[in-house]
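Straight from TrEMBL, the features:
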{"type": "DOMAIN", "residues": "29-407", "note": "domain 'Amino acid transporter transmembrane'"}
{"type": "TRANSMEM", "residues": "54-74", "note": "transmembrane segment"}
{"type": "TRANSMEM", "residues": "110-134", "note": "transmembrane segment"}
{"type": "TRANSMEM", "residues": "154-177", "note": "transmembrane segment"}
{"type": "TRANSMEM", "residues": "189-211", "note": "transmembrane segment"}
{"type": "TRANSMEM", "residues": "231-250", "note": "transmembrane segment"}
{"type": "TRANSMEM", "residues": "271-290", "note": "transmembrane segment"}
{"type": "TRANSMEM", "residues": "319-338", "note": "transmembrane segment"}
{"type": "TRANSMEM", "residues": "358-379", "note": "transmembrane segment"}
{"type": "TRANSMEM", "residues": "385-403", "note": "transmembrane segment"}
{"type": "TRANSMEM", "residues": "440-458", "note": "transmembrane segment"}
Amino acid sequence: MTPPASTGKCAGAGEVEEPLLPEFSGSGHGASVCGAVFNVSTSIIGAGIMSIPAAMRVLGVLPALLLIAAVAALSDSSVDFMLRYTGWDSGPPSYAGIMGDAFGRAGAKALNVCIAFTTTGTLVVYLIIIGDVLSGSAGAGDEHAGVLQELFGAQWWTARELVILVTAVVVLLPLVLRRRVDSLKFTSAVSILLAVVFMLISLGIAVYALFTGTTKMPRMLPDFSRLSSPFELFTAVPIVVVAFTFHFNVHPIRAELSKTSDMKAAVRISLVLCAAIYAAVGFFGFLLFGDATMADVLANFDRSSGAGVPQALNDAARLSYALHLVLVFPLLHFSLRVNVDELLFPGRRPLGTDTRRFVALTAVLMAVLYALASAIPSIWTLFEYSGSTFAVCISLIFPGAIARHQITTMASYNSHRLTLGYNCQFVMDAHGIAKKKDKALAATMIALAVITSSIAIASNVMSSISGKVEGGHAAAR
């Protein structure tokens, strides 16, 4: 029997025990913890801040805050599993690599497909929103003028397709051509600042509306009279899970740090920061718009907040959020490019060292994303189903499955070594890694993900069949 990947050595007589994951590992390039916090936070916030107010409308304030805290805690545990069972001796690892170690080529391919679908859908959503903010949307029942059209009227150069194209080529392309994640730490820092600006503007408008009597305190608990069934509450779960799906960026960011403990600290700081921002944006957005809160909260700002504030303040909120998405875009594109490369060109040399392949793949992906964003006016339904399937697999199911597989494999290997007469206790026990609570936690993560996602998908299907748009879907009543 061969030992599992990244398990160190079992000490026989005279042997020295080694930790499963050395404190200093990988080929860190001296990136700072602060830079890692910015990059992780950008990956998290960019994934779903737009729908948090709608999720709070479905659940009520208290259950939504509890859900945000619970998903953040589970995300921390899942990332801990990923870092714990990663080997660095064979070169820079990836999420697909540890999936491959645990479940073979099929496991790695399954992860690559999930990440490709999730990131593609999210990036297309970003381009659509950027186009809507600047040029307006033409979707039935959800039409609104963009900022450029409000300022200059309908001109040929304010057309949505042209604005998205110019943004993609002039602004986004130079950012996505950066080869190192750490080189994006400054844009990531600005994107976090813009998220805070969006939160503060929402806070200001909401407080003003509250004091002028144009709004009222939001519901603390769900309003079951507005739901077709209690199971519809579960449709908010995938929204929050998507909002905390950043796991595909863990290894690229970790590879540029010198210590594993630095990455763990960066992840925890980022989760606390982003959970606080989500809670604030969700609360103030729900406070401001109440039961009229849209799945895309920017649509509410465009239609007027109803608080009597100048439209310029509403436009500032929209523009700050659109610019935030522009700066988040490169990090998600980085993950999309890496995973598509692993799907199409397995076994090739690292993408960053092959200039021709790097540039060609980047250009093709940008062209595909632009074509989808131009052809699809809204992908909210697809985005919600993606949260119930691909995102849940990436953030909870796969990390839990990796942990259970590695724990079982290590225990089996330890037993095998003991039968050969080695007077040792396996290293995983010495370092407290393979404990029963870890296996139970992994099983709990998988069970919760499967149950809640199944109920959410069933509820979405029933709502679609009945022709009702409920919960966190795109329309408010």
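Note: Cβ is positioned from N, Cα and C throughout, glycine not excepted.
What TrEMBL says about a protein is an automatic prediction, not a curated fact.
Residues of the same chain lying 6 or more positions beyond the ends of the transmembrane segment (231-250) and with a Cβ under 8 Å from any Cβ of it are 39-40, 43-44, 47-49, 51-52, 54-55, 58-59, 63-64, 67-68, 71-72, 75, 78-79, 82-83, 95, 115, 118-119, 122, 181, 222, 263, 267, 271, 274, 278, 331, 334-335, 339, 383-384, 386-388, 391-392, 394-396, 399, 449, 452-453, 455-456, 458-460, 463, 470-473. Under 8 Å from some Cβ of the transmembrane segment (154-177) lie the Cβ atoms of residues 127, 130-132, 134-138, 146, 148, 184, 187, 326-327, 329-330, 333-334, 337, 359, 362, 366, 369-370, 373-374, all in the same chain and six or more residues away from its ends.
Most Cβ pairs under 8 Å to the transmembrane segment (110-134), among the stretches 54-74, 189-211, 358-379, belong to 358-379.
When the stretches 189-211, 271-290, 319-338, 385-403 are ranked by Cβ pairs under 8 Å to the transmembrane segment (54-74), first place goes to 271-290.
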